[in-house]
Amino acid sequence: MTDKRKDSSGKLLYCSFCGKSQHEVRKLIAGPSVYICDECVDLCNDIIREEIKEVAPHRERSALPTPHEIRSHLDDYVIGQEKAKKVLAVAVYNHYKRLRNGDTSNGVELGKSNILLIGPTGSGKTLLAETLARLLDVPFTMADATTLTEAGYVGEDVENIIQKLLQKCDYDVQKAQRGIVYIDEIDKISRKSDNPSITRDVSGEGVQQALLKLIEGTVAAVPPQGGRKHPQQEFLQVDTSKILFICGGAFAGLDKVIANRVETGSGIGFGATVKGKSQKATEGELLSQVEPEDLIKFGLIPEFIGRLPVVATLNELSEDALIQILKEPKNALTKQYQALFNLEGVELEFRDEALEAIAKKAMSRKTGARGLRSIVEAALLETMYDLPSMEEVEKVVIDESVIAGQSEPLLIYGKPEAQQASGE
C-alpha cells in the first residue's frame, strides 16, 4: 500500500472506515479502491492487543503442571515441609484437573477437596498458598478468620471473602471462579466447648456454620463494583464450588489433644502406640497423627471438618531451616537486601555467623520465618539511613556482633575517583 493524499484526478480522499478526509488525519494509506487513516490503524492495533490479552491466559492454562512440577516450584520458594508440599501438590493438581473436565469423569461426579494446613506461626502456611497461586496464575486472596462474624453482626460477612477475590481480578467472575482463597487463623473460630452452644457464638461456631456452604460450593451473590452506591445494579453470581479454599492455623494445644488420644491407645489408622515418658513425641510428630476426632475436640464442628478432607501438617522450623530460608530460596531475605543495597552501588555481605545469630534470635522469639525480616531490618536500619548520604562506600559487612547489637556494620570504602586517576 502507498501513502496518498489525492488521487490522480486531484479529488479529495476519505478514509473508507471512519469517513474522515485527508485534511483531518496525519496519514491516509491507499489500497485497491480503499483508504485507511492512521487513526483507524491505531484502533485496529488496540483491538488486536486486547484480543491477545484475552487469549493468552487460556493458552497458559492449557498446560496444567504435574504434581512433580508443582512440588519442584514450591521447593524454589519454601524450605522444608516436604510432606506438606507433596500433599498440596496432589490436592491442587486434582482440583484443577476436576475443573478442566467439568466436575465429571465418565459420568462419575468428582468431589471437591479443600485443604486444611496445620502448623505453628511462621512455618510457611501462607507462603505455600501464595506460591501455588503464582505458579498457576490464578487470582489469590487472603482472609483473616478472626475478623469474620455471622451475617447481621458487626464485622465482616463471609461473602466479603468472595468480593475480595473479585477485586483481585477486576470483577471477572470466570477468573474468580478459578481462584484460590486462603483463610488464616481458622483455629481461632473454634467453639468454646465440645457441646453445641446454647447462646450465640457469632465469631466461633456461628462463623463455621456460615463458612460451610461457601467452602463446599454455593452460588454467592456479591455486590458489583461500586456496591451500595449503585443499588439498581444486579448482584454478581459466583459459583464457589470451583474455588479452592485453603484454611490454615497454628492450632495451639491440638498436640495435647492428640497426645491424650494416642497415649490411651485409641489411635486409628496411624499405628499409634502407647509411649512412656522417655518416649514423648515432639509436637510435629503428634500433629502428623491428627484425626477428625481431635479437631472436633479442639472446637471445629464435624460438618466443617468434613468440608476440609485434605489435611497437611507443617513442622516447626529448626535453626538450620531458618538459615536455609535466609539464603537459599529465589527470593531469600539476604538476596532481597543485597539487591536493595546494589541500587546504591554497594555490596552487602552477610557472614555465616551472622546468619546463625539471626536464626537463633528468631528461634528464641518463637516467630519462625516470619520474624527473620524484623531482625535483619533492625540490624541494618542505621546503615540504610546513612548510606544514601555517604560517598565512596563499596561494601557493607554484617557479622554476629551486629546482630547482637554490640557493634555497627563494617563499612569498606573505595578510593576516591581523583586518587584512582592519579594512581595513588
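From the backbone N, Cα and C atoms, a Cβ is placed for every residue, glycine too.
Features reported for this protein in Swiss-Prot:
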type    : residues                                                       : note
BINDING : CYS15, CYS18, CYS37, CYS40                                     : Zn(2+) binding site
BINDING : PRO120, THR121, GLY122, SER123, GLY124, LYS125, THR126, LEU127 : ATP binding site
DOMAIN  : 2-56                                                           : domain 'ClpX-type ZB'
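Sequence features annotated in Swiss-Prot and their locations in the structure.
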| residue | record | contacts (Cβ under 8 Å, 6+ apart) |
| --- | --- | --- |
| CYS15 | Zn(2+) binding site | VAL25, LEU28, TYR35, ILE36, CYS37, GLU39, CYS40 |
| CYS18 | Zn(2+) binding site | CYS37, GLU39, CYS40 |
| PRO120 | ATP binding site | ALA250, GLU283, LEU314, GLU316, LYS366, GLY368 |
| THR121 | ATP binding site | ALA250, LYS366, THR367, GLY368, ARG370 |
| GLY122 | ATP binding site | LEU317, ALA362, THR367, GLY368, ALA369, ARG370, GLY371 |
| SER123 | ATP binding site | GLN81, LEU314, ASN315, GLU316, LEU317, GLY368, ALA369 |
| GLY124 | ATP binding site | VAL78, ILE79, GLY80, GLN81, ALA84, LEU314, LEU317, ALA369 |
| THR126 | ATP binding site | MET142, TYR182, ASP184, GLY248 |
For the Zn(2+) site built from CYS15, CYS18, CYS37, CYS40, further residues of that chain with CB within 8 A of the site's CB center: SER16, PHE17, GLY19, LYS20, VAL25, LEU28, TYR35, ILE36, ASP38, GLU39, VAL41
Additional residues surrounding ATP, by Cβ distance to the PRO120, THR121, GLY122, SER123, GLY124, LYS125, THR126, LEU127 centre under 8 Å: GLY119, GLY248, LEU314, GLY368, ALA369, ARG370
Averaged pLDDT, computed only over the residues in the domain 'ClpX-type ZB' (2-56): 80
Coarse DSSP state, helix versus strand versus coil, of LEU127 (ATP binding site): helix
Spatial neighbours of LEU127 (ATP binding site) that are distant in sequence (at least 6 apart) but have CB under 8 A: TYR77, VAL78, ALA369
Per-residue Cβ crowding (10 Å cut-off), top of binding-site residues CYS37, CYS40: CYS37
Neighbour count (Cβ, 10 Å) for LYS125 (ATP binding site): 26
